[in-house]
């Protein structure tokens, strides 16, 4: 075998004088143009037309449904006044609606920042990480185009999402003011993403910079409510320009490891969305398991047990204590439910109960973290010398306990605010095991069968059984919550509601414990 | 402190994950032109040592210097001097084999990138696959592409993590020759391997990572692999 002369000549020293942005641009352009050529050669005009047509149709249907829903809700809100039926007693009207809207806007901006930080926001794909990052050239131009697209996308999505929020919360505003508020919020979302990029520059630094960025987003959350004049928009635009002028020249300084981490998370999340797999999406967006084992529950775990079932229960309890992330989302949803309930008469009771239902489903899904991880290695359960029914019951135990605490605490506070008699708390507590069973059912649902032909829907082709698969878990959580929601709506606990709640939770637990 | 001219110096280097070392302290020195084989059982920590030297992960303790400087994987200078090959089958899905190599050649400002690419394609037997994307070729051919990418670019330190994997015996012979010639041109090579023949043909020294980490001659290193 003959060794290449050119490579032999170049061994030991580089012919490059140093990092060159021009060379980086050449490399990026080369990769992109080669990829474009490949895709053009492998994609027909018909494929492009079908993609554009089906996506435009799906988008149109979604927009029409959303606009119709928002306008109906706006009319409903406009017709409401003090004295209408509310979830809690009117004397507890302690939180002004504007304060709650401000808190929600602030939480949304912090949420955007946290999500952007998890996803990057400055990233490279796996292939770019393997082939671009080792090159001795500046990285700024490698990562800037994708970062710019993310800034634009987050600003655009935030703008679109804020319009209905503005219409519902301030129905007396003109369309121009709604648009202006949404624009301010959109630019605020860009600021949040830029803030996340700043955190990437020193990924292992103390939490102080993150705290400062969160504090900086608080006044930004106030600006969409002050759009009677143009100055909030001007102010947020100037702030964004100054911040981006600081961030953009430094994106090339983000450490390579951090670029690849963000790229891996983004790729994982995008693939999960593509496959409509919410369990996988949650895995992608939650922190990876800690390498060093937590010592939580060590003494409890070390105690001798007298049966295999007791050992299994103990193992599941300790796994939950060690692996379950901090209940930040659960507490946030808890606060949102209470905030909305206190807003008499801002929202109809049905809407507030709808939010409680969404919150319950979301928090319930969050308690399935351990079950989701275990579901990846389902074979382990089959190795245990215990009946599968008992194994599944053991899996339900801790999520059920967590939901008992969450639901009990929520209903207790609502009862304290005048939502109904103290016996409502009992219903909330009984709903907990059913919701816990829903969490485990959602975490362990079988993956969609992609081999069957897809079904055409207004939202585009969907694989058969996907809807059923997606609803698996949420279905029994909703069933377990119906009696308590009904009792909250009526403001009373009838004996038949108590019986219904016991049956609903028992059915939910039995359905999950008997599942194959 | 590393003396001027040393390609690589590790002094009481401790490597591992999440604060836990995977092997004992590692100390060695390499001059330009030397080929240091790193051998050991599965899980002994060979690849972790290689990854740490390449700057892919932080050392837990000890000192590590490449060309007299601390390891700085994000500096362009470090990337210009250090070439690596790990077991990572990652490619652009829409770039051909030739285009992957052109990317590396241009990124390292080679004088005649097209010629260099042709030569590497010839050496690694990939001429007839040059126009296809890596996904459609065999696992061994993808390994050849990764090797070609590591060898086409200039470097003062070349880190190869089990480069013999998935290669046929003829290609392994060629690889040993190629490593020797790269070393003769002044490049220091860290070669993590399980192949005693490749070790004897290419290496000038050997680091055995076992209960005790020790530097031995290549014959003893080959015996260690054969024994393991």
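Keep in mind that glycine also has a Cβ here, set from the backbone N, Cα and C atoms.
Among the residue ranges A:20-39, A:120-139, A:180-199, the one that TrEMBL annotates as transmembrane segment is A:180-199.
Among the residue ranges A:306-328, A:467-489, the one that TrEMBL annotates as transmembrane segment is A:467-489. Range A:424-444 is the one annotated as transmembrane segment, of A:424-444, A:445-465 (source: TrEMBL). If you look at the transmembrane segment (A:211-227) against the transmembrane segment (A:52-73), you find fewer than three C-beta pairs under 8 angstroms, all six or more positions apart, and that falls short of contact. Taking Cβ pairs closer than 8 Å, the transmembrane segment (A:93-116) reaches residues 150, 154, 158, 165, 169, 185, 188-189, 191-193, 195-197, 213-214, 217-218, 220-222, 224-225, 285, 332, 336, 339-340, 342-344, 346 in its own chain, all 6 or more past its ends.
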